[in-house]
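Worksheet: the structure to be examined is printed underneath.
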Amino acid sequence: MAKKELSKKEQLKQNRKKLAEELSGMHIYKDNHNRYVYYDIFTKNGYVISNVPSYRNYANRFILAAVVGILVYTFDFGKWTLPFALGAALLVWAVMEFKFRAFLRHQTLIMNFQPKERPPRILTAASSEGKKIVLKIVLYIVFAGLIIALPFADKSNTDTTRVVICVAIGIIALGMACYQGYALSYKKKHNIEDRY
């Protein structure tokens with residue numbers, strides 16, 4: 001009996017380790033050897049992703065740049081606020097893009113890669129624990145409400161640019177909350193087990 005429980009624990013540990021290695025994304029495909037490949041749309045080459053955690057850090061380079069831009073935009077630099085925010089976002093993106101390209105040089109190159117099978121994103125989102133998905137939904141909704149309220153909190157400085165940017169980010173956050181809600185319903189409908 002204890003041996004059977006141990007094997008279940010080991011199996012769960014192996015499933016978590018395997019899922020930690022699973023990827024999905026806009027330019028992620030699987031090759032004929034069932035390996036994850038990043039497809040570079042500019043060079044038409046593929047790169048076998050051997051270090052998944054590092055890839056995940058670089059995959060979020062656009063989000064990191066947007067967050068830095070938003071944070072810089074919250075400071076008041078007078079008429080230079082928007083240029084500073086855009087400059088900071090571009091700088092962070094450029095550094096992360098440079099590091100990402102350096103990371104790709106250390107991966108196995110597949111010349112003229114022909115993309116075929118793309119892992120579905122919804123499976124990755126739906127394989128999270130149900131409580132985590134619900135938490136993401138709540139946090140996205142709270143973030144959307146706060147970011148939309150941000151330009152109206154400072155009555156003396158309600159410029160149109162700030163309102164448009166904050167409302168656009170709020171709409172994106174609400175869209176992400178809807179996507180997580182879809183992942184939760186997909187999980188229940190298809191009876192997908194928790195993997196991480």
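Glycine too: its Cβ is placed from the backbone N, Cα and C atoms.
Where the annotation comes from TrEMBL, it is an automatic prediction and has not been curated.
Look at TrEMBL and you will find 58-75 (among others) tagged as transmembrane segment.
According to TrEMBL, the transmembrane segment annotation covers 81-100 (among others). Non-local neighbours of the transmembrane segment (81-100) in the same chain are 58, 61-62, 64-66, 68-70, 72-73, 75, 161; each lies 6+ residues outside the stretch with a CB under 8 Å from one of its CB atoms.
The feature transmembrane segment is assigned by TrEMBL to 133-153 (among others). Beyond its flanks by at least six residues, the transmembrane segment (133-153) meets 74, 125-126, 159, 162-163, 166-167, 169-171, 173-174, 176-177, 180-181, 183-184, 187 of its own chain at Cβ-Cβ distances under 8 Å.
According to TrEMBL, the feature transmembrane segment maps to 159-179 (among others).
Remote same-chain partners of the transmembrane segment (159-179), defined as residues 6 or more beyond its termini with a Cβ less than 8 Å from a stretch Cβ, comprise 66, 70, 73, 82, 125, 136-137, 140-141, 143-145, 147-148, 150-152.
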